[in-house]
Amino acid sequence: MMGCWILNEGLSTILVLSWLGINFYLFIDTFYWYEEEESFHYTRVILGSTLAWARASALCLNFNCMLILIPVSRNLISFIRGTSICCRGPWRRQLDKNLRFHKLVAYGIAVNATIHIVAHFFNLERYHWSQSEEAQGLLAALSKLGNTPNESYLNPVRTFPTNTTTELLRTIAGVTGLVISLALVLIMTSSTEFIRQASYELFWYTHHVFIVFFLSLAIHGTGRIVRGQTQDSLSLHNITFCRDRYAEWQTVAQCPVPQFSGKEPSAWKWILGPVVLYACERIIRFWRFQQEVVITKVVSHPSGVLELHMKKRGFKMAPGQYILVQCPAISSLEWHPFTLTSAPQEDFFSVHIRAAGDWTAALLEAFGAEGQALQEPWSLPRLAVDGPFGTALTDVFHYPVCVCVAAGIGVTPFAALLKSIWYKCSEAQTPLKLSKVYFYWICRDARAFEWFADLLLSLETRMSEQGKTHFLSYHIFLTGWDENQALHIALHWDENTDVITGLKQKTFYGRPNWNNEFKQIAYNHPSSSIGVFFCGPKALSRTLQKMCHLYSSADPRGVHFYYNKESF
């Protein structure tokens with residue numbers, strides 16, 4: 001079992017542990033450096049260990065902010081995916097977990113930002129208290145430095161008769177830190193699954209606060225509020241000898257007044273590369289936005305699904321890819337992802353859109369799919385398309401046997417795949433590694449996806465005509481029905497075609513017994529590498545992942561299930 005788990009999750013776990021290890025190393029190394037570095041000895045007298053907590057978390061923040069944009073650089077990921085020479089097997093599957101890594105890094109940013117904020121609140125209070133009459137001895141002497149000419153200050157809070165909020169808003173670090181914190185809270189809270197499903201538009205717009213976040217981060221350290229003793233001062237001022245003789249600093253030659261300077265800002269050095277890379281992503285998107293998209297066909301399905309056929313010069317796709325669509329008439333900023341439902345062999349590319357939010361509802365209305373007459377081609381709203389971008393499903397043809405599982409709306413990515421399989425099977429001269437496909441479709445109401453049932457019916461007919469019915473084995477499971485449907489199904493059970501879908505393969509009612517299904521597939525294909533591809537809810541994803549671990553053989557010559565989850 002452990003060997004099978006390593007087969008699917010080993011590399012992912014190594015990468016996550018490496019990320020954690022780098023974070024821990026950076027934090028611990030920086031923490032102890034600031035705890036022991038001689039140039040920050042007097043700073044520690046005022047701030048104590050919270051100096052090290054603030055600086056260590058700041059470095060980890062910089063590291064994670066450097067990483068956060070890379071997983072969402074779609075063109076970069078698609079380029080790496082297309083370069084199969086340097087990206088094969090398990091490494092290739094890691095690209096499909098880009099959003100998971102993006103979220104993981106975001107949690108790292110949130111944790112380190114919290115530590116950084118709390119530590120600096122303590123630092124600010126310590127700076128403020130050090131200017132009070134209660135502060136005595138070396139602490140008071142250090143806080144008074146900078147009050148006379150030719151002295152540099154250590155304590156940025158210059159007077160006690162003030163409050164910490166005022167002092168916070170007087171500094172570049174304070175203002176930008178506040179902006180960074182607010183931006184981070186907005187981004188994190190609007191990224192919850194509930195918000196994304198209830199209002200994708202809110203998620204989309206608030207996520208663009210990242211521009212403010214990165215700008216503020218780049219200038220956050222320019223105020224140089226955390227100060228340490230200069231190297232020239234250290235060579236003249238022996239801390240071990242002079243720290244207890246602070247009253248004699250101006251009179252004893254061996255103890256000149258220590259001089260301090262702020263640390264140079266470094267955050268911009270960490271984020272410059274990824275920001276430039278992401279800026280290139282946006283430039284490419286703008287360039288594609290300018291390209292003309294011709295809408296060749298609009299189909300309004302009875303189930304409330306809008307099918308759009310489009311053409312665009314130079315557009316090349318692979319089955320399973322997706323595009324980003326913008327409709328300037330609805331919003332000039334929003335781009336929404338849709339899986340391509342056409343095959344590469346067709347002379348157009350298509351998407352199927354179901355109303356699932358304000359933007360999609362407005363799009364269906366604009367195209368006349370909400371009970372209105374369909375628009376004339378010349379009056380259709382303009383669409384812009386960015387992509388296509390690769391996903392896990394593009395790797396289907398790398399396996400001899402594939403298990404494809406779709407749940408609900410997750411069936412959409414498999415439309416292009418099944419079409420492409422048909423075209424490849426029809427072309428005798430095309431070498432095809434894939435020899436068997438098991439397709440499972442689980443839905444609550446098949447009528448909501450009539451267009452897909454029609455596609456399956458067409459494929460079934462064509463496969464039968466070509467004598468290749470063995471190539472595709474499909475299983476449809478209906479999880480929701482009422483008494484009238486049950487009675488209707490029972491009355492027509494003996495007919496040659498299914499009463500719900502019209503297919504020769506009868507619909508099952510309930511949910512699959514995945515243990516039985518995987519056991520049978522493993523029995524049918526011993527010593528095979530089987531790709532399992534899924535698009536749907538998380539609960540079912542965990543079940544399928546478990547099945548892949550359970551039924552993969554520890555023997556290298558046995559059957560192996562490789563799990564791939566669709567995400568975009």
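Every residue, even glycine, has its Cβ placed from backbone N, Cα and C.
Topological domains recorded in Swiss-Prot put Thr13 on the other membrane side from Glu38. Checking Asn112, Asn238 against Swiss-Prot, you find N-linked glycosylation site recorded for Asn238.
Of the candidates Asn150, Asn163, Swiss-Prot marks one as N-linked glycosylation site, and that one is Asn163.
As annotated in Swiss-Prot, transmembrane segment covers the listed stretch 202-222 rather than the other ranges in 202-222, 265-285. The two recorded residues, Asn163 (N-linked glycosylation site) and Asn238 (N-linked glycosylation site), show a Cα separation of 34 Å. Taking each of the glycosylation sites Asn163, Asn238 in turn and counting other Cβ atoms within 10 Å of its Cβ gives the largest count for Asn238. Per-residue pLDDT, averaged along the topological domain 'Cytoplasmic' (73-103), amounts to 75 for this model.
Among residues of the same chain six or more beyond the topological domain 'Extracellular' (125-167), those with a C-beta under 8 A of the stretch's C-beta atoms are 42-43, 45-48, 50, 174, 225, 227, 243-244, 246-247, 249, 257-261. Long-range neighbours of the topological domain 'Extracellular' (35-51) within the same chain, counting only residues 6 or more positions beyond its ends whose Cβ lies under 8 Å from a Cβ of the stretch, are 119-120, 122-123, 126-127, 130, 138-139, 142-143, 154-155, 226-231, 234, 239, 243, 258, 260.
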